[in-house]
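Taken from TrEMBL, the feature domain 'Ketoreductase' applies to B:7-183. According to TrEMBL, the NADP(+) binding site annotation covers B:T38, B:N87, B:Y152, B:A153, B:A154, B:S155, B:K156. TrEMBL lists B:Y152 with the feature active site, proton acceptor.
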Amino acid sequence: MSDIAERVKKIVVEHLGVDAEKVTENASFIDDLGADSLDTVELVMAFEEEFGCEIPDDAAETILTVGDATKFLEKNAAQA
Amino acid sequence: MFDLTGRTALVTGATGGIGGAIARALHAQGATVAISGTRVDALQTLADELGERVHVLQANLKDAASVDALPGQAEAALGSLDVLVHNAGITRDNLFLRMKDEEWADVIQVNLTAGFRLYRAALRGMVKRRRGRLIGITSVVGVTGNPGQGNYAASKAGLIGMSKSLAAEVASRGVTVNCIAPGFVESPMTDALNEKQKEASLAHIPLGRFGQGAEIAAAAVYLASDEAAYVTGHTLQVNGGIAMI
């Protein structure tokens with residue numbers, strides 16, 4: 001697992017208070033991890049803070065799973 | 001009860017009668033306050049009066065960038081932001097048929113849109129810390145309406161509706177959102193009324209007098225306190241009984 005994926009997982013576990021095993025690449029924040037819509041906004045804020053980047057609203061809307069977040073942040077890091 | 005020691009608060013429009021009273025009252029309960037307004041000299045006079053635990057932040061609420069930056073500046077100065085009182089407000093009274101676009105837009109901009117922007121910016125930290133108090137100073141006319149104040153009443157009613165929606169959104173994060181709706185409060189505005197106008201106004205107030213800024217501020221202290229943790233989405237009427245709503 002990449003460093004970015006590890007950091008994403010850590011944030012998700014901490015923020016949503018879920019077991020680490022549940023935080024798989026395909027896990028949906030809302031459907032699988034019990035997040036509400038405000039949690040997803042907070043997660044995006046936490047990612048922005050952790051990775052020192054800005055995630056625009058249209059991109060944030062496409063981040064539905066743990067893997068979506070990792071992919072976005074890896075792509076973002078590669079472009080930086 | 002109502003101890004605010006160690007808490008931090010930002011009050012907009014702190015040079016006004018009500019805003020100044022709110023800043024004084026929060027400060028007296030132990031809070032560290034950031035006072036904001038357009039007139040730096042007046043803010044500094046209030047800061048000198050309060051002494052310690054006070055920060056002056058100049059802001060023009062007609063300027064979007066200035067509004068967006070204000071909560072961050074307050075957090076930087078205070079180290080945190082527990083309480084935000086959106087008190088700044090303006091009037092541009094006119095009969096509806098004569099009301100100019102600018103008169104409408106200016107009032108909505110400062111009274112309502114600035115509130116939206118301030119709350120949005122302040123919420124990031126409050127949601128994260130799982131603690132916050134957003135308090136909007138609205139007006140009795142936001143509920144009752146008032147001839148000549150279509151713009152002002154709309155802005156104040158808007159603040160109430162906005163606060164209720166937001167209260168429902170962030171309640172699970174320990175952030176409460178409430179309004180205080182003053183009636184007639186003694187101020188330069190009421191001082192300017194002549195005796196006849198004063199009498200006419202007082203005739204409608206069961207308590208038979210205008211309110212004091214400190215009486216509005218007491219409501220703000222309550223809503224800012226831990227004791228008000230179970231109150232959200234509410235508009236506290238402090239109006240001498242002029243409208244029992």
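Each residue, glycine too, has its Cβ placed from N, Cα and C.
TrEMBL entries are annotated by machine, without manual review.
Owing to the predicted nature of the structure, the values given are computational and were not obtained by experimental measurement.
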Residues near B:A154 (NADP(+) binding site) in space but at least six apart in sequence (CB under 8 A): B:V107, B:I108, B:L112
Which of B:T38, B:N87, the listed binding-site residues, has fewest other Cβ atoms within 10 Å: B:T38
Number of other Cβ atoms within 10 Å of the Cβ of B:S155 (NADP(+) binding site) across all protein chains: 28
Candidates B:Y152, B:A153, B:K156: member of the binding-site residues with the richest Cβ shell (10 Å): B:K156
Cα-Cα distance, maximum over B:T38, B:N87, B:Y152, B:A153, B:A154, B:S155, B:K156, record's NADP(+) binders, Å: 24
Helix, strand or coil at B:N87 (NADP(+) binding site) [DSSP, three-state]: coil
Assigned conformation of B:T38 (NADP(+) binding site) - DSSP reduced to three states: coil
